[in-house]
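Annotated in Swiss-Prot:
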type     : residues : note
COMPBIAS : 1-14     : compositional bias 'Low complexity'
REGION   : 1-20     : region 'Disordered'
DOMAIN   : 218-401  : domain 'GAF'
BINDING  : CYS323   : phytochromobilin binding site
DOMAIN   : 617-687  : domain 'PAS 1'
DOMAIN   : 690-746  : domain 'PAC'
DOMAIN   : 747-821  : domain 'PAS 2'
DOMAIN   : 901-1118 : domain 'Histidine kinase'
Amino acid sequence: MSSSRPSQSSTTSSRSKHSARIIAQTSIDAKLHADFEESGDSFDYSSSVRVTNVAEGEQRPKSDKVTTAYLHQIQKGKFIQPFGCLLALDEKTLKVIAFSENAPEMLTMVSHAVPSVGEHPVLGIGIDIRTIFTGPSGAALQKALGFGEVSLLNPVLVHCKNSGKPFYAIVHRVTGSLIIDFEPVKPYEVPMTAAGALQSYKLAAKAITRLQSLPSGSMERLCDTMVQEVFELTGYDRVMGYKFHDDDHGEVVSEITKPGLEPYLGLHYPATDIPQAARFLFMKNKVRMICDCRAKHVKVVQDEKLPFDLTLCGSTLRAPHYCHLQYMENMNSIASLVMAVVVNDGDEEGESSDSSQSQKRKRLWGLVVSHNTTPRFAPFPLRYACEFLAQVFAILVNKELELENQFLEKNILRTQTLLCDMLMRDAPLGIVSQSPNIMDLIKCDGAALLYKNKIHRLGMNPSDFQLHDIVSWLCEYHTDSTGLSTDSLYDAGFPGALALGDAVCGMAAVRISDKDWLFWYRSHTAAEVRWGGAKHEPGEKDDGRKMHPRSSFKGFLEVVKTRSIPWKDYEMDRIHSLQLILRNAFKDADAVNSNTISIHTKLNDLKIDGMQELEAVTAEMVRLIETASVPIFAVDVDGQVNGWNTKVAELTGLPVDEAIGKHLLTLVEDSSVDTVNKMLELALQGQEERNVEFEIKTHGPSRDSSPISLIVNACASKDVRDSVVGVCFIAQDITGQKSIMDKFTRIEGDYRAIIQNPHPLIPPIFGTDQFGWCSEWNSAMTMLTGWRRDDVMDKMLLGEVFGTQAACCRLKNQEAFVNFGVILNNAITGQESEKIPFGFFARYGKYVECLLCVSKRLDKEGAVTGLFCFLQLASHELQQALHVQRLSEQTALKRLKVLAYIRRQIRNPLSGIIFSRKMLEGTSLGEEQKNILHTSAQCQRQLDKILDDTDLDSIIEGYLDLEMLEFKLHEVLVASISQVMMKSNGKNIMISNDMVEDLLNETLYGDSPRLQQVLANFLLVSVNSTPSGGKLSISGKLTKDRIGESVQLALLEFRIRHTGGGVPEELLSQMFGSEADASEEGISLLVSRKLVKLMNGEVQYLREAGRSTFIISVELAVATKSS
């Protein structure tokens, strides 16, 4: 199927198309920028923004030159903002190779308040930077500049030698040089004396805690909360959440302003408003600040001998371009602070230890934009806190996007049901004439079916002439395609697109046959866009030449007025599914029978393969649990212990035979009862808790010992129908570790003897001081990671020791890095962490999974001097048990997926059977043939009911709604017996119908398909239990009981007698028991008995000499003549 625009799927081809669009958009950005530079005051923004349709051809060479010049200017501009100064250094000699023109005045001017002796340094090309600052400042700067990940140490606090003024030195490395921004420390600030990560976090701690506490499931709530927190944190006049759409245009999705400011919520902007080059810079430099758009820029003087132009991409001081400054001033924004929101681009994580393979592809999802109506400066600690907050926000956005994808996957299952429902009724006209119809399939403004040269319409549609014109165009220009999807018929080249107007801009069309088509239509995008700000006042008119929000919004509407909202991938999947089903809807009965046989074969194969695989996994699971060296125990739904392995018996002193049958809450310490009770309740509801700590009592000789401390994972035990039948606990004994930790925290003197003790009970421990430098690394950590103490000491714990790039212990991705930072910073501020899952790659590539516990380290006065981090590792046996558990879950999931697939696939041949039956009904048939067709219809209705039974619990627990249908008992009985005739003939069993004629002709009210299902199930079990050559009979009696004047109850009793030894006791106990351990046949009997109970009836089974009888009683209503 062809498409006029590139899709946004995660495949390589779509990425190449996406890259091509970015390149094309960059050329458009460059052209717009060149027009602005050349036109000066005569620049017309509204007309220039519509450059998307400029032909390439002969203008391409010029366009390439314009683009190259534009990118050079964006990345290698030679001006900075005046709120600070800049130096560029040679990385080897630390001598100045470039400086801003205001640097000599800011850094070397003599202050009369600071006495000085000797010559004053003069700032210029070639000067050693260490001569400009005090001795300690020069040493701190030299240490930082020699650091691998230099940005981790930002900011470095330095003092000028001449004036004594404090500055934050913010360093970043570019090719061939070091760039340093110097920002004055304001008099009201408390100077930050060390690396900023742990210090800056305190500013954003409240906001991060609030974001992380939000319930998932609402992107709008998440964005609104983020905007609110940034508004309170920064104090700017306006804060907006800005999202990029698939076609790169932007939308304000959340906003908060101070009173009196015009809102921009809901405004859409063309992609050119934030150029691709600027977006690239946001990916590199996550926070961007403009202090005063009216301030005069300062030139950067560069050593003329340098063989390259300096790039200022990573500098906060980098001056914005004049077109952006005009845009800001026109929207009454003098200062801005912008944070990038960078999320995963949909790739799966690699499992390789190679960092390039294990990182996800990133994309710029949007921006958090702060504006101020007056000049405003945000100091570096606040900007760093904002960057950290934006990283946490990006992780949460990513999770919301994953939830949305899961929701879409669930919609696929719903769609399959919807499609089948459509085709079960009068295909194909039922998909437009009944409800639900094809407009319910996807979001659209109109749809049409062209079938046998007749048009069937829904919603907005072209005229007959226009639609036939579209079909002719498709047949001529898209001959080899099965259809077309486009968000702009005009851009796709349809000659009559403009005549269709705004009502039909986008179209998805699929070919069903040579002459039959399906169409969906969408109106132009502007119809979906809502202006969220104040309306124009009477007589007020925008200046379309200027760059500001109203002109951008107008420009956006101009660009999209012939375009609709794009068709999403999942929408096209639905369309393709309907197309394929319609194509196959009219296959002959032979094809239907072939499909049915194929499905039965798959079911049988699945049963055999699945049971063998499940038995093998179960046997291995039991062996591992019994022999595991970790405590494993289990309870049933009532909390009674039904599993207690050797290890937990050894730890507690309670033998297996004594533990079985006891309630779990009687075995745990009183202080842990509430914790365990909560775990049980959540697990039985399907919510499995992990890494929960509780204590369990000791018994026998160990009764007087301390209780056993466990870290426990709870998982729900489920049967083959995915019903929860108990809870399994996989634990880790931490009694020894806890005693060590308790002793450790009480130590006031020299703790090093404990930390560095190589005793196996000492867990892996590492630590950091209050500034983020690694200060502890015990021998257990060396054994675990492969890195010696000397390799990591005095390195930044966040970034150098644990990080995502060149760190000693590489974390899996950026999300893990940010979460680790949050854990450490929470602990510094007093929020000590529970056992948290943690993972990293050790020195030689092995991935280590463990639990992390972080505690703050205090001095004698109680002040925080750093952190201690303890790692807890799972034993080999526990890891193997968890691996087998995952295999078991994967096997169950595989079975469920295959069963769900087969259940859906049954619908298609079933619709073919129905169609064939309806065709036969229209022919001349004899009375006997009509009766056979009627029996077939009865069986089909029963099958429909069973396929709709997705929730067995509702039947078993008695919540199913029964239908009230009028039926003759004769019809139900014939359909039920027909379902066992093949089996009985194979065993040469004679079935006799001993019902009296009057009873068979009785007309009743009730759920006839369910009654038919019940009788067929009991007949089948009876046939299975009857020996070959035996006999089976069915008889019944009816008792009427009048209630009132018009209603009569029918108390109906069926007796199914069969010869032989009878139904096995085990099967009968399953019928009268629960579904927990029932076999497939037992489940069938149990469901049948529950259905009988829903009909106010009961089932009995009598054994006699040489024969047995099922007695089934139900309560129905008699259909009176007056009714």
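Glycine too: its Cβ is placed from the backbone N, Cα and C atoms.
Secondary structure from DSSP puts the residue listed as 'phytochromobilin binding site' in a helix. Across the domain 'PAS 1' (617-687), DSSP assigns 40 helix, 12 strand, 19 coil. In this model, the domain 'PAC' (690-746) carries an average pLDDT of 80. With helix defined as DSSP H, G or I and strand as E or B, the domain 'PAS 2' (747-821) counts 23 helix, 16 strand, 36 coil.
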